[in-house]
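Student: I am attaching a structure below and will ask some questions about it afterwards.
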Amino acid sequence: MIWGIPAMSEAMGSVPTAGSEVSSTCAFLSWLDARRRANRLTVEHVPFRELSGWQFDENTGNLRHTSGRFFSIEGLRVRTDHCWFGSWTQPIIVQPEIGILGLLVKRFDGILHVLVQAKNEPGNIGGLQLSPTVQATRSNYTRVHRGGGVRYLEYFASPRGRGRVLADVLQSEQGSWFLHKRNRNMVVEALDDVPLDDDFHWISLGGLRKLLLRPHLVNMDTRTVLSCLPPDPAPDGRQPPAPAAPFAAAVTRSLTRGATALHTMGEILGWLTDERSRRELVQQRVPLEETAFSGWRRDDHAIAHKDGDYFRVIGVSVRASSREVSSWSQPLLAPVGPGLAAFVTRRIRGVLHVLLHARTEAGLLNGPEMAPTVQCRPLNYRAVPAEYRPAYLDYVLSADPGRIRYDTLQSEEGGRFHHAENRYVVVEAEDDFPVEVPRDFRWLTLHQILALLHHSNYVNVEARSLVACIQALS
């Protein structure tokens with residue numbers, strides 16, 4: 001056990017079975033292409049008045065569903081002492097329901113496999129992406145939409161007798177766009193054979209991680225659940241051989257229990273507690289119409305900032321061939337420009353460490369969470385005074401290409417965001433990169449980050465995505 005986390009060898013035994021259900025990556029991609037042809041999704045931008053079941057409240061201007069479920073677009077007033085201007089109002093997604101993001105896993109011939117879903121979301125870049133086995137809000141799996149049920153939900157809602165729970169933790173989502181949003185991230189090992197639907201397929205854990213080297217293929221929800229998994233040992237419980245590539249070997253070593261860390265876990269937790277205690281973050285829900293005081297404007301087609309920055313809220317009408325319901329309409333939040341999420345790494349005492357930032361975001365539940373070294377939308381900082389630019393932003397943007405170990409565009413959640421993407425980057429810093437860092441930064445090994453990921457609200461969603469991505473290199 002490591003700080004309450006069972007090693008994978010303790011959590012899972014080998015489950016050898018016939019390998020007929022398990023195919024090579026090539027066959028997997030052929031299946032995915034077939035699902036792309038079969039699963040059509042048509043998304044049309046429409047004025048707000050054409051959003052069926054949605055309306056602006058006469059008193060507050062809030063955009064909400066007539067059922068009172070799903071989510072709403074409201075206003076949020078924020079005051080903080082950790083931003084270049086300390087108070088503002090903004091639109092924000094309010095979705096108090098806790099959804100389920102669940103991966104079903106099983107061993108075939110001793111190799112751990114993951115059951116993924118080929119799923120199209122209205123905001124996806126490139127259409128269909130790989131989702132967890134279950135990706136559903138409470139409104140969806142309680143069938144508020146009066147559509148079909150959620151396949152394999154029973155493994156996560158009532159796992160006893162069906163599966164063994166390996167990970168089960170509430171995690172935050174994008175704090176700049178959601179207010180106090182959390183989802184239940186679960187990994188369940190199936191105990192018996194699992195009947196397959198056409199839109200679901202087994203892929204090895206290693207194969208799925210390698211697909212993270214491709215842009216816009218493994219969706220955000222799959223990445224966050226993957227980040228909760230410890231490294232998978234060889235079927236006999238021994239650690240697999242270290243990779244030959246130097247950085248891959250460094251990642252593998254940093255993931256191991258015996259890796260020497262610069263700070264103890266107690267010191268890391270004390271640091272984050274101190275950051276949360278000394279920073280101000282005051283949040284107040286206000287009518288959406290009050291965001292006008294901070295420059296937000298609404299017309300028939302969008303809610304947008306007068307300067308064209310940050311994001312817009314738009315309406316879409318959707319027709320789908322393979323979803324619980326065949327058509328619907330909804331608002332989506334559309335960011336302005338791509339984001340950047342970067343890990344700066346370096347070896348300390350011979351062990352790879354990641355530089356994490358205690359980052360405050362408008363909608364987070366408990367104040368700062370551990371975020372990537374750099375997390376921002378660079379376009380939003382083009383007119384910001386130099387002293388308020390994110391620390392290490394210029395270092396990452398000017399990094400020697402020979403020191404960039406991962407650099408891929410990945411999509412964010414397509415059910416609430418329209419074409420939201422981040423450039424995910426891992427930089428291996430030079431040996432003379434300072435070990436001494438500003439007060440709101442700390443060096444952690446990957447093993448320490450994985451330990452934190454089995455507890456709620458420590459590591460934010462962008463950092464969790466990067467944890468999944470960096471393991472694709474090991």
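In case you wondered, yes, glycine gets a Cβ from its N, Cα and C as well.
So Swiss-Prot lists these for the protein:
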BINDING   W54, T137, R138, S139, N140, Y141, E413, G414, G415, R416  dTDP-4-dehydro-6-deoxy-alpha-D-glucose 1 binding site
BINDING   S176, W296, R359, Q375, C376, R377, N380, Y381  dTDP-4-dehydro-6-deoxy-alpha-D-glucose 2 binding site
Student: Please name which of the binding-site residues listed here, W54, R138, N140, E413, G415, is nearest in space to W296 (dTDP-4-dehydro-6-deoxy-alpha-D-glucose 2 binding site), Cα against Cα.
Tutor: W54
Student: Given the binding-site residues W54, R138, N140, find the one whose Cα is closest in space to the Cα of N380 (dTDP-4-dehydro-6-deoxy-alpha-D-glucose 2 binding site).
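Tutor: When the Cα distances are compared, W54 comes out closest.
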Student: Give me the Cα-Cα distance between R377 (dTDP-4-dehydro-6-deoxy-alpha-D-glucose 2 binding site) and W54 (dTDP-4-dehydro-6-deoxy-alpha-D-glucose 1 binding site), rounded to a whole Å.
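Tutor: Roughly 29 Å, rounded to the nearest whole number.
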Student: Tell me which residues of the chain lie with their Cβ under 8 angstroms from that of Y381 (dTDP-4-dehydro-6-deoxy-alpha-D-glucose 2 binding site), as long as they are six or more apart in sequence?
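Tutor: In sequence order, the residues whose Cβ lies under 8 Å from that of Y381 (dTDP-4-dehydro-6-deoxy-alpha-D-glucose 2 binding site) (at least 6 apart) are Y388, R389, P390, L393.
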Student: Which one, from the binding-site residues W54, W296, has the smallest tally of other C-beta atoms lying within 10 Å of its C-beta?
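Tutor: Fewest other Cβ atoms within 10 Å, among the binding-site residues W54, W296, is found for W54.
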Student: So how many other Cβ atoms are close to N380 (dTDP-4-dehydro-6-deoxy-alpha-D-glucose 2 binding site), meaning within 10 Å of its Cβ?
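Tutor: There are 16 such Cβ atoms around N380 (dTDP-4-dehydro-6-deoxy-alpha-D-glucose 2 binding site).
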Student: Work through the binding-site residues one by one (S176, R359, Q375, C376) and name whichever has its CA nearest to the CA of E413 (dTDP-4-dehydro-6-deoxy-alpha-D-glucose 1 binding site).
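Tutor: When the Cα distances are compared, S176 comes out closest.
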Student: Just to verify a number: CA distance, N140 (dTDP-4-dehydro-6-deoxy-alpha-D-glucose 1 binding site) to Q375 (dTDP-4-dehydro-6-deoxy-alpha-D-glucose 2 binding site), in angstrom, no decimals.
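Tutor: For N140 (dTDP-4-dehydro-6-deoxy-alpha-D-glucose 1 binding site) versus Q375 (dTDP-4-dehydro-6-deoxy-alpha-D-glucose 2 binding site), the Cα atoms are 31 Å apart.
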Student: Given the binding-site residues W54, R138, G415, state which is nearest to Q375 (dTDP-4-dehydro-6-deoxy-alpha-D-glucose 2 binding site) when distance is taken between Cα atoms.
Tutor: G415
